[in-house]
Amino acid sequence: AYACSFPPSEIPGSKECLAEALQKHQGFKKKSYALICAYLNYKEDAENYERAAEDFDSAVKCTGCKEGVDLHEGNPELIEEGFEKFLASLKIDRKALGSLCTLFQKLYAIPHN
């Protein structure tokens, strides 16, 4: 079981819920950025993406946000669609993905492939 490292949102029914969690909680930000990096390397390492998606799903449960994001893990045809919904829910610009991944790797000292 996943242990939540941050409290649930005070606005669980809002469309802004996940975006707010991204701003307020390091634990959620870490899982979100890990998912971005895993997505950018999806073709080389699909397993890593699946793991990151599962971790992110657990972190979403911790937020209490009703909106949620279906990442379609295990369904390669729908990965792109799920990731687009993730970006929209978290209000992340697609153009920023590379920089966010680099930032994540620096913040958490993750070796770059």
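Placed from the backbone N, Cα and C atoms, the Cβ positions cover glycine too.
These come from Swiss-Prot:
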MOD_RES   Tyr2  2',4',5'-topaquinone
DISULFID  Cys4-Cys62  disulfide bond
MOD_RES   Ser9  aminomalonic acid (Ser)
DISULFID  Cys17-Cys65  disulfide bond
DISULFID  Cys37-Cys101  disulfide bond
MOD_RES   Cys65  cysteine sulfenic acid (-SOH)
MOD_RES   Tyr108  2',4',5'-topaquinone
BINDING   Tyr108, His112  Zn(2+) binding site
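Structure with Swiss-Prot features highlighted.
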| residue | record | DSSP class |
| --- | --- | --- |
| Cys4 | disulfide bond | coil |
| Ser9 | aminomalonic acid (Ser) | coil |
| Cys17 | disulfide bond | helix |
| Cys37 | disulfide bond | helix |
| Cys62 | disulfide bond | helix |
| Cys101 | disulfide bond | helix |
| Tyr108 | 2',4',5'-topaquinone | coil |
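Cβ neighbours of Cys17 (disulfide bond) (same chain, under 8 Å, six or more residues apart in sequence): Ser9, Ile11, Thr63, Gly64, Cys65, Lys66, Glu67. Note: the CA-CA distance between Cys62 (disulfide bond) and Cys37 (disulfide bond) rounds to 21 Å. The local packing around Cys62 (disulfide bond), expressed as other Cβ atoms within 10 Å of its Cβ over all shown chains, amounts to 20.
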